[in-house]
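A.B. asks: Quick one: structure below, then a few questions.
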Amino acid sequence: MSSHTALVVLEHVGIFVFAISGALTAIQKGFDAVGILVLAEVTALGGGVLRDLIIGDNPPAAFRQTTYLLVPLGAATVAFFAHPVVARLNFTMLLFDAAGLGLFCVTGTLKALDFGLGSVQAALLGVTTAVGGGLLRDIIARDTPILMQKDTDLYSIPAMVGTAALAAADRLELPMAVAAPVAAVFVFTFRVAAMLRHWTAPQAWTRPRDRHSS
Amino acid sequence: MSSHTALVVLEHVGIFVFAISGALTAIQKGFDAVGILVLAEVTALGGGVLRDLIIGDNPPAAFRQTTYLLVPLGAATVAFFAHPVVARLNFTMLLFDAAGLGLFCVTGTLKALDFGLGSVQAALLGVTTAVGGGLLRDIIARDTPILMQKDTDLYSIPAMVGTAALAAADRLELPMAVAAPVAAVFVFTFRVAAMLRHWTAPQAWTRPRDRHSS
Amino acid sequence: MSSHTALVVLEHVGIFVFAISGALTAIQKGFDAVGILVLAEVTALGGGVLRDLIIGDNPPAAFRQTTYLLVPLGAATVAFFAHPVVARLNFTMLLFDAAGLGLFCVTGTLKALDFGLGSVQAALLGVTTAVGGGLLRDIIARDTPILMQKDTDLYSIPAMVGTAALAAADRLELPMAVAAPVAAVFVFTFRVAAMLRHWTAPQAWTRPRDRHSS
């Protein structure tokens, strides 16, 4: 299998797992079959669509290749019939989700650099690609966005560090064929470590003597 | 009246009715005059704007012809002063809304095909045109999106079936002058039947013996 | 200091203040550091990004100059450590916010006119530039959008009147070098007066004898 084929396979696996997370959210909320499908599609593809709208790649990649739309449909169908089984695979799904996070961080950053955006902007769009779909899922499902909820395991911060490092490597003209997979594996590992160790981001700083009043 | 004029008139009627639904939502929520106007505009035009952003037609059609912006302003004004009367016309409004649904499904699908998108993508964007404004309305008004709420009469599914059939007709090179009105009437009829018969979309499948625990 | 430098400085001050409002909202909601940063960026830049997506200026201005992204990062950092102090400066912040409102109304309207949009559309996009970020902030934070909440001091209406007057001045070919600062000062003054006098927008009209039943 060539590295390009491997990348395409990985991308579809990432889309599938993100779609499952959208479908399961819809099922938990008691949404109907339409809601399950819509949340699966939006969660899986929303981040990439946001990135492409911003960089001006119209129509977005998600609207140019039919498999991008069909994989979430498949995921929604699986979740529709087998959600108790899927929900029990929670840790496995979280591992695949972490892989998707690492992958989309990297592909998003590289695409933005390709379109001529600056390093900071490309890193931000890499993060957007990876977490934007989940943010849209939470907005539509009327949940507090999980990426900003206190006391949740780090998710965006691994993405931010990884995309920043990748954009820096690009600035330093390091070979992307090495830097890109390293960044993806770094984001994946950091995210999995955060899950296992329950690392969380801090809330706003409060002086010790203010704490009683809050 | 030429068929083009008829189409333009119908389109403005559809925008008016969608805008009324946005304005009434704002009034039910106790929003002020600004909220009534914003929800009227977003509900009426949001689906088409999403479609045009995705296909890359900038500025979106809603920003190229002033009547598109003025009709929701008129609807907001009518709703502001006459909302008890308008709310009593509920069934009439739902009939017009179904007509708007059929019309926007068709115009959205055809526009996406014109811009060179594939059949599946064009069908999806037809649905987006028709239901996207209502989704944005519900997000801003902080309601569970009606298109994914359980136990509500089918709305998106008639749209999906109609746009899929229209995109298939395009693939088969059937004459659009026939297929387009047939698809619009089909969506309208399917939606009205769903309202009268209270057809609903299923929730996620549960094995009979799981049901007590849920 | 040239007038161009003054404008750039003012713009960054406006972005800073809008970002502070996003960061404080996130802190009030108990979001973590990621949430504080995301809401700061979205509130400060969201309106301009929406405008640029609609007029087709890709990538949006916010993604072309790094200072636009760094100023909200600075604001988020300040709010993170000093939020009790910042919250106590409430009235000062509201004054700066009113200045940002006036400024972004004008820059948004002028940019839309530059891109060839009509008067009504340019006025609408001026308002979008000024209030769009706050609307996105409220959607993500799951608040009723403050711009449509009843019994809140006028915010969008000064923006609407100011951008409409500026677009009319452009139609009448009045010199923009005069009309633009006048419109900005007008919006600022109208907004501050609305705050001091607690002017509010009306809710939907009800006949006196209907009022008891509502």
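Using the three backbone atoms N, Cα and C, a Cβ is placed for every residue, glycine included.
From TrEMBL, here are the annotated features:
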{"type": "TRANSMEM", "residues": "A:6-27", "note": "transmembrane segment"}
{"type": "DOMAIN", "residues": "A:9-83", "note": "domain 'Glycine transporter'"}
{"type": "TRANSMEM", "residues": "A:34-55", "note": "transmembrane segment"}
{"type": "TRANSMEM", "residues": "A:67-87", "note": "transmembrane segment"}
{"type": "TRANSMEM", "residues": "A:94-113", "note": "transmembrane segment"}
{"type": "DOMAIN", "residues": "A:95-168", "note": "domain 'Glycine transporter'"}
{"type": "TRANSMEM", "residues": "A:175-194", "note": "transmembrane segment"}
A.B. asks: If you average per-residue pLDDT over the domain 'Glycine transporter' (A:95-168), what number do you get?
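C.D. replies: Averaged over the domain 'Glycine transporter' (A:95-168), the predicted model reaches a pLDDT of 95.
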A.B. asks: Quick check on the domain 'Glycine transporter' (A:9-83): DSSP residue counts for helix, strand, coil, in that order please.
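C.D. replies: Final tally across the stretch: 64 helix, 1 strand, 10 coil.
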A.B. asks: When the domain 'Glycine transporter' (A:95-168) is classified with DSSP, how many of its residues are helical, how many are strand and how many are coil?
C.D. replies: 55 helix, 1 strand, 18 coil
